[in-house]
Structures are given as C-alpha cells and as structure tokens.
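Here's the structure, in structure tokens; my notes come after.
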Amino acid sequence: MALSSKTLKSTLFFLSIIFLCFSLILAHGGIDDGDEEEETNQPPPATGTTTVVNLRSKSLVLVKIYCIIILFFSTFLAGVSPYFYRWNESFLLLGTQFSGGIFLATALIHFLSDANETFRGLKHKEYPYAFMLAAAGYCLTMLADVAVAFVAAGSNNNHVGASVGESREDDDVAVKEEGRREIKSGVDVSQALIRTSGFGDTALLIFALCFHSIFEGIAIGLSDTKSDAWRNLWTISLHKVFAAVAMGIALLKLIPKRPFFLTVVYSFAFGISSPIGVGIGIGINATSQGAGGDWTYAISMGLACGVFVYVAVNHLISKGYKPREECYFDKPIYKFIAVFLGVALLSVVMIWD
C-alpha cells in the first residue's frame, strides 16, 4: 500500500511536469502567442535596436500575473507537502539534478544569448558586456552565499560551545552521530538549516533562499514576450518545487514543536519571494521603454545568467538532494543522465524560440 501510494504521488508529479512542458511547447510553437507582438512592433533600423516590444501590453502583464499565482501556490504547496506525506527519495534526487540541467541550459542558451544579442543591437559589439555581467552575477550570488555561510557558521559554533559544558560525553557523541545523519538530507541551504537551532539563524537562511528566488522572479518580470514568460515560469517553478520540498523536510527535522505552523510560515516566505521578483521586473518594464528598456533588459539578463549558473552548478548539480537512506540511484551516472536530460529538453524547446 505504501509503495503504491509513493508511486501514485511520483506519477502525478511527473504528469504535472509533462503538462508544463506541453504548455511551454505550445507557447513557443504558436504563431499567435508572442510572435504577433514582435511582428507588430518591429522598429525601423534608425532606432539602433533590433526589436521594440510593447512591454506594457495588457496581455503580457496578464500572463505575468498568472505566473505570479502559479509560482506562489506551486512553491507553497510543495513546501508544506512533507508535513502530510513522505516523498520518494529517488524522485527528489533525480528531480533536483534534472532541474539543475534545466537551469544551466536556460542560463547559457536563453539568458546569455538574449543579453548578448541585445547588446549587439545597441551597437556595443567591441566589449563582451553580456559575459562580463554573467560573471558578475555569479560572483555576487557567491558572495551572498559566503556571507550567509559565515554568519551561520559563527552562530553554529556558539551553539556548540554553549552545549559542551552542559552535556555528558555520551550525549555529545550521540548528538554528533545524529547530526551526521541529518546533514545528509536536503539541498545545500537546507543542510545549513539543519545545522542551526535558533529562530534567527533559520530565518537568515530562509532569507538566503528568498534572495535567489527574487532574482529568479525578476527574470520572469522582465520577459518581453508571453512565450518567454511561460518558459521562465516553467524553468523556475521546476527548481523551486524541489527546493521547497527539501526545505520542508529539513524544517520538520529542525522544528519538533509546532512544525506545521512554522513550516507554513517559511513556505509562505519562500513562495512569495519569486512573485515579488516578478513584480519588480514588471515595474522595471513599466518605467523603461525603447533604448532604456533594452539596456535594462540586457543588463538584467546578463546578471540573471550568472545567478542561474551559480544556482545550477553549486546548489543543484554538485550538491543537490542528499537522501536520508541508501538510494540505488545515488550514483554519478544516474545524476549525469538526469542533468543531460534537463539540458537536452531545454535545448529542444529552444528550437521554437
């Protein structure tokens, strides 16, 4: 019974992913979706830009509002789901690697190419601004992670120092052994969640998750066509669902008292972060148009590329989800296949871009 229940949950989740993929392909393949806007807004060559898109289009803004709703509820429900049932470890392991491949391909094939093309349209061909901004986005994201890790490590040392004089030697050994087992679960930020015991420390690390998510949401808000918005939604929501599930599992281990209430609070914070980023992106588009809008879009896409590459490589692919129990698929070859399938899927979808 338990096995069939797990299989049913995994099957339903896979069907959801297939539905999202189908919606994404329709968004790219339909000539009436984003192409109509692009065709009706083709600029004269004298403007110095390759395309001029109506970023204030009601239909485009409406699609982004749909993205906000879908992002929030998918992330929030995924975050609280571990409280009600246990997820399949193999599914989370391979799903995280798959989303890492999607993220990596999105950064390099979509964001970086769009930023570079826009800079070329702005007559800036001598210097590789797009690649420089991608490197800057990578470094900024790494700096944020380093800052959070530094604060969390210092707080963790304080907790350990305070407990040494109050615990017996046998208790210390038991705590260390239990810690080793618990640290094996969750995505890397969730691992840090498990190492902390204070409300402030946990809130800080949730803030780190939200920091990444806001920048990811900005990528949706800055989309200049409806097809771009749907594609970015699919890419980001896929990653956030797995991250939210891992976060929920870590919180249940971390908070033995009132776990449901705090899990709901943290899941809400994590779920609302990307919609906030979408709103910021919509606001940027509403205040910039023409050459100024092109500059804003190119710079933002360049930085977003760096953020996505960092999240894909350091959070999803290299560390990923660590099963709490021995898992048959926890092998490099299966992880490679999952990442490769993610890259291949996004590469095929981009044919219709």
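For all residues, glycine too, the Cβ spot is worked out from N, Cα and C.
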Can you check whether Swiss-Prot puts PHE84 on the same side of the membrane as LEU262?
yes
For the transmembrane segment (297-317): best-contacting stretch of 60-80, 91-111, 131-151, 264-284, 332-352, by Cβ pairs under 8 Å:
131-151
For the transmembrane segment (60-80) and the transmembrane segment (264-284), decide whether they are in contact, meaning at least 3 CB pairs lie under 8 A, counting pairs 6 or more apart in sequence.
yes
Looking only at the topological domain 'Extracellular' (223-235), what is the mean pLDDT?
83
